[in-house]
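**Student:** Got a structure here, written out as structure tokens. Questions coming.
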Amino acid sequence: MNVRRVESISAQLEEASSTGGFLYTQNSTKRSIKERLMKLLPCSAAKTSSPAVQNSVEDELEMATVRHRPEALELLEAQSKFTKKELQILYRGFKNECPSGVVNEDTFKEIYSQFFPQGDSTTYAHFLFNAFDTDHNGAVSFEDFIKGLSILLRGTVQEKLNWAFNLYDINKDGYITKEEMLDIMKAIYDMMGKCTYPVLKEDAPRQHVETFFQKMDKNKDGVVTIDEFIESCQKDENIMRSMQLFENVI
């Protein structure tokens, strides 16, 4: 597997999901995030493609021979916040990595693990995969990828928070329980490994969850609704500042 091509997609997902998962590190500066995010879309600006290559990409998009046929480019452009040219570039990279036209969970986990060798990203990648797999068919298509990426990179704060809520709502019942949030937090800590908590206690994820629930569970009924989640996040300066990073870099 071509690591450079994998990095162009996976780094986007890692940074974006980290924001949605309220993962903060001292090194998460605007510059470092920008450098990683720019690897996917604007990378094409540094390389001048010949007309023949550009036409080839267009032909691939409209006459794909892969097992999964993508939706028409015009439809995806209308459903996302990417331009036609950006979609062409994204599809070209997606197809190079996934000739079948879809990514299954095992491949997704393999890609994700390459960026967290210091930890175990398996569980978090599972949750993230399910968030992208909106129709729950066990595969992430190019359409799934684009719609999720469009929200994470160019969506409104409301759209990003809705996406984050869906990530935490593991069983998709419309509520976040402490157990669900704890599962996500443990997965994040496991993924970051020693880089995140060399001196923290084992119960750090649980303490993190307790703090969040004190803020979010307004009526103290033991679950967090989408309204409680969004309201609490919008009042949290750290979360909102993290969201704004993406608005400034793309």
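Just so you know, glycine gets a Cβ as well, placed from its N, Cα and C.
Here Swiss-Prot flags Asp133, Asp135, Asn137, Asp144 as Ca(2+) 1 binding site. Look at Swiss-Prot and you will find Asp169, Asn171, Asp173, Tyr175, Glu180 tagged as Ca(2+) 2 binding site. Here Swiss-Prot flags Asp217, Asn219, Asp221, Glu228 as Ca(2+) 3 binding site. For 61-117, the entry in Swiss-Prot reads domain 'EF-hand 1'. Residues or ranges marked as domain 'EF-hand 3' by Swiss-Prot: 156-191. According to Swiss-Prot, the domain 'EF-hand 4' annotation covers 204-239. Annotation comment: Swiss-Prot describes Ser17, Ser56 as phosphoserine. Annotated region 'KIS' per Swiss-Prot: 2-44, in sequence order.
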**Student:** Counting by DSSP, what is the helix, strand and coil composition of the domain 'EF-hand 1' (61-117)?
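**Tutor:** Result for the domain 'EF-hand 1' (61-117), in helix, strand, coil order: 32 helix, 3 strand, 22 coil.
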**Student:** Select the closest residue to Asp221 (Ca(2+) 3 binding site) from the following binding-site residues, measuring between CA atoms: Asp133, Asn137, Asp144, Asn171, Tyr175.
**Tutor:** Tyr175
**Student:** Just give me the nearest neighbour of Asp135 (Ca(2+) 1 binding site) among the binding-site residues Asn171, Tyr175, Glu180, Asn219, Glu228, Cα to Cα.
**Tutor:** Asn171
**Student:** To the nearest whole angstrom, state the Cα distance for the pair Tyr175 (Ca(2+) 2 binding site) and Asp144 (Ca(2+) 1 binding site).
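**Tutor:** Per the Cα atoms, Tyr175 (Ca(2+) 2 binding site) and Asp144 (Ca(2+) 1 binding site) stand 23 Å apart.
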**Student:** Looking only at Cβ atoms, how many others are within 10 Å of the one on Asp144 (Ca(2+) 1 binding site)?
**Tutor:** 19
**Student:** Quick one: DSSP breakdown of the domain 'EF-hand 3' (156-191) into helix, strand and coil?
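**Tutor:** Across the domain 'EF-hand 3' (156-191), the residues distribute as 26 helix, 2 strand, 8 coil.
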**Student:** Checking your reading of the structure: which of the binding-site residues Asp133, Asn137, Asp144, Asn219 lie inside a 10 Å Cα sphere centred on Glu180 (Ca(2+) 2 binding site)?
**Tutor:** none
**Student:** With every protein chain in view, how many other Cβ atoms are within 10 Å of the Cβ of Asp169 (Ca(2+) 2 binding site)?
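**Tutor:** Result for Asp169 (Ca(2+) 2 binding site): 21 other Cβ atoms within 10 Å.
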